[in-house]
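According to TrEMBL, the features are:
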ACT_SITE  GLU264  active site, charge relay system
ACT_SITE  ASP268  active site, charge relay system
ACT_SITE  SER467  active site, charge relay system
BINDING   ASP509, VAL510, GLY533, ASP535  Ca(2+) binding site
DOMAIN    191-555  domain 'Peptidase S53'
Amino acid sequence: MILPKVSAPNLEPSMTNIFHLYPNQSWVSLGRADPEEELSLTFALRQQNLERLSELVQAVSDPNSPQYGKYLTLENVADLVRPSPLTLHTVQKWLLAAGAQKCHSVITQDFLTCWLSIRQAELLLPGAEFHHYVGGPTETHVVRSPRPYQLPQALAPHVDFVGGLHRFPPTSSLRQRPEPQVTGTVGLHLGVTPSVIRKRYNLTSQDVGSGTSNNSQACAQFLEQYFHDSDLAQFMRLFGGNFAHQASVTRVVGQQGRGRAGIEASLDVQYLMSAGANISTWVYSSPGRHEGQEPFLQWLMLLSNESALPHVHTVSYGDEEDSLSSAYIQRVNTELMKAAARGLTLLFASGDSGAGCWSVSGRHQFRPTFPASSPYVTTVGGTSFQEPFLITNEIVDYISGGGFSNVFPRPSYQEEAVAKFLSSSPHLPPSSYFNASGRAYPDVAALSDGYWVVSNRVPIPWVSGTSASTPVFGGLLSLINEHRILSGRPPLGFLNPRLYQQHGAGLFDVTHGCHASCLDEEVEGQGFCSGPGWDPVTGWGTPNFPALLKTLLNP
């Protein structure tokens, strides 16, 4: 979209809405950016009718509603949330007056991405001061402002936030753990592979995609790393021999770079395609190669700009809630709500820091992560085998992220389950450590410990993190969607209202173990503990595929 020629706006000099950079210790400033250097900024325009959108999500996601499964198209969503003509006109005039070039919008018209020089951007957003930063495991270079920016008062009612100033790219929390010690190897497995997952979760060789439906699934990658087709092919040769599968990704959306393969990227693709075997798979690759780009924001905009999307998306990305501005977190939550209205199943990893920990006014508190804490996504925690080398019952993986949001109130669909946990758990941490009235997560879990991954043609053992459990759970939901689509039913869509109504039917309840938290005298490193039913460590539990299929197939 190119901006039309319009007269410059009469902007009042008074300013409002101050947006801050939250300090990130792992990024180092290299000094001020050249004023003539160009960067890309994303303007999130204020949307309309969000209460109505929320009501529609509830109606299409609740099995007791006559609207269940009657999802909105992207065009329906656009008609509902599109910014008002006044907002569109005001923002366009403001950007045109600042000299913004090559502006592109999305179908819903609620995001606008423009190129400006550093000089123009600093004039447009008083207070902003752009620096080059370097950081992250791959020494990534980005341009960010360490200072807060302000929006002119006339713009405040029309712009939620400006992206590309403050948030740094995420880094992977995946870990390669030391190999457990064992004596004797009769009947043992030597790490989690597709066959171990299929055996534990009761899949047969027949539990694969038919190859005849229009079913598809996707994973999204935001780290500056890539998967390699050759790694996927080798992984399937090594581990995919006993089930039908696809040997290549159907579609890559975005830039798939030529760099070395990353373990995270390899893991996502290999386990989504072996759990959701023989199902068409897309990869969203948003490495954020340009220094001003925010990869997660790019992905959200891609969702708002494509009518036909895969039904299941798995995402291993998260930030601490407290590191994000209120404007940003609320707007991203709205984007996730838009996806739910369209019948997309979004699965997010719960994180690998247990309950987390940070200090507030000298007192420790648990530290929830987002988007895991969004009420519009299904969040996946992590488990380990009770006996590391035997396919046995699962217990908590101590890294499994979980807890209670400090931003989002508890949604109605989980009211009963969470109240029951809070009233019956014998190991509840002190109430000062968490917000008992917040959205509680995760919702479900799967194995997250001891995976084999092929990366740069090398098989790597003992890879662990909820980045592993999330694509596994997503792949199994894709298999259930396959049955639903072939029998003329809509895909599952936003799963949580149904999941909680059915009290975790079709899942193995995980009842042993606690996850990590603050290392202090009061909680001594222990967060929440799992127990019967739902808990904020493993949710409702891990998939028992035949039972889950039976539970979710009808209506």
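Yeah, the Cβs are placed from backbone N, Cα and C, and that goes for glycine too.
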Just to verify a number: CA distance, ASP509 (Ca(2+) binding site) to SER467 (active site, charge relay system), in angstrom, no decimals. 21
Give the sequence-ordered set of same-chain residues, not counting ASP509, VAL510, GLY533, ASP535, with Cβ within 8 Å of the centre of the Cβ atoms defining the Ca(2+) site. GLY504, THR511, SER530, GLY531, PRO532, TRP534, THR538, GLY539, TRP540, GLY541
What is the average pLDDT across the domain 'Peptidase S53' (191-555)? 94
Between ASP535 (Ca(2+) binding site) and SER467 (active site, charge relay system), what C-alpha distance do you get in Å? 20
Fewest neighbouring Cβ atoms within 10 Å: which of the recorded positions GLU264, ASP268, ASP509, ASP535? ASP509
Given a separation of at least six residues and a C-beta threshold under 8 Å, show me what packs close to GLY533 (Ca(2+) binding site) in the same chain. ALA417, LYS420, PHE421, HIS503, GLY504, ASP509, TRP540
Recorded positions GLU264, ASP268, VAL510: which have a Cα within 10 Å of SER467 (active site, charge relay system)? GLU264, ASP268
Spatial neighbours of VAL510 (Ca(2+) binding site) that are distant in sequence (at least 6 apart) but have CB under 8 A: THR383, GLU394, ILE395, VAL396, ALA445, SER530, ASP535, VAL537, THR538, GLY541, THR542
